[in-house]
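Lifted from Swiss-Prot, the feature list:
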type     : residues : note
SIGNAL   : 1-18     : signal peptide
DOMAIN   : 25-248   : domain 'Peptidase S1'
DISULFID : 31-162   : disulfide bond
DISULFID : 49-65    : disulfide bond
ACT_SITE : 64       : active site, charge relay system
CARBOHYD : 102      : N-linked glycosylation site
ACT_SITE : 109      : active site, charge relay system
CARBOHYD : 120      : N-linked glycosylation site
CARBOHYD : 121      : N-linked glycosylation site
DISULFID : 141-209  : disulfide bond
DISULFID : 173-188  : disulfide bond
DISULFID : 199-224  : disulfide bond
ACT_SITE : 203      : active site, charge relay system
């Protein structure tokens, strides 16, 4: 059974989108405190997601992480003992991929957020670069988040966990997710032997390849980290023109073909 897992208590957001849920990193280790300056902890209507700072005023997360009350925390490592330079913001404006008013779990799971106030770069806060080109198959990439570290139990860590996974042939994901379109604007990534994966609590977080954000956590298997069940990530490169247009002030930007 496949589900889109929104973090924390697996609460169901009452949105115009479809039913959703989130993910967390299984099989990883504690992230280095100085190597995730772009990572955002998102609290939305009592549910947890991840996100990525892409410049001092803008961030990316998954569309299914949307909610009426969103709190965005930057510069965080330990949730119990926050860094002194932690900063908190709320959305000033949220933008969704505008080809369709309806959310689908295979496409359009991307949300661009303009912050109510720019964040200040600091020891633990700095943006991550947008992609210059898409990742190739077998590229080693990094996942991270405060999601559950158990594939079957809700065990949420105090600090984010990181793991390395690979870009996988899209055909592998289509075999497990029969609704996935052949030309879907997504990436398939994971470890085919199993053991490392996103899980509950990681939705919206980054897939980082060669120092750039290439994916946004969208859909995974249940339980997490099963063999031959990679996860699906929104492909940031395929949304790059839209992202840049919105940031430049063209809020009527349409989807690329």
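Glycine is no exception: its Cβ is also placed from the backbone N, Cα and C atoms.
The structure, with features from Swiss-Prot marked on it.
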residue: 31; record: disulfide bond; Cβ contacts under 8 Å, 6 or more apart: 39, 77, 144, 159, 160, 161, 162
residue: 120; record: N-linked glycosylation site; Cβ contacts under 8 Å, 6 or more apart: 56, 87
residue: 121; record: N-linked glycosylation site; Cβ contacts under 8 Å, 6 or more apart: 56, 127
residue: 141; record: disulfide bond; Cβ contacts under 8 Å, 6 or more apart: 135, 164, 165, 166, 167, 189, 207, 208, 209, 214, 215
residue: 173; record: disulfide bond; Cβ contacts under 8 Å, 6 or more apart: 180, 186, 188, 230, 232
If you measure C-alpha to C-alpha, which of 199, 203, 224 (recorded positions) come within 10 angstroms of residue 65 (disulfide bond)? 203
Taking each of the disulfide-bonded residues 162, 199, 224 in turn and counting other Cβ atoms within 10 Å of its Cβ, which one has the fewest? 162
Measuring Cα to Cα, how many Å separate residue 109 (active site, charge relay system) from residue 64 (active site, charge relay system)? 6
Should any of the recorded positions 199, 203, 224 have a Cα within 10 Å of the Cα of residue 49 (disulfide bond), which are they? 203
For residue 64 (active site, charge relay system), the closest of the recorded positions by C-alpha position, picking from 199, 203, 224, is 203
Cβ neighbour count (within 10 Å, all chains shown) around residue 64 (active site, charge relay system): 30
Radius 10 Å, atoms counted are CB only; among the disulfide-bonded residues 49, 188, 209, which position scores highest? 49
Could you tally the C-beta atoms, other than its own, that fall within 10 angstroms of the C-beta of residue 109 (active site, charge relay system)? 29
What is the number of other Cβ atoms found within 10 Å of the Cβ of residue 203 (active site, charge relay system)? 34
When a 10 Å sphere is centred on the Cβ of residue 65 (disulfide bond), how many other Cβ atoms does it contain? 30
In Å, rounded, how far does the Cα of residue 203 (active site, charge relay system) sit from the Cα of residue 224 (disulfide bond)? 13
Can you tell me the three-state DSSP label for residue 173 (disulfide bond)? helix
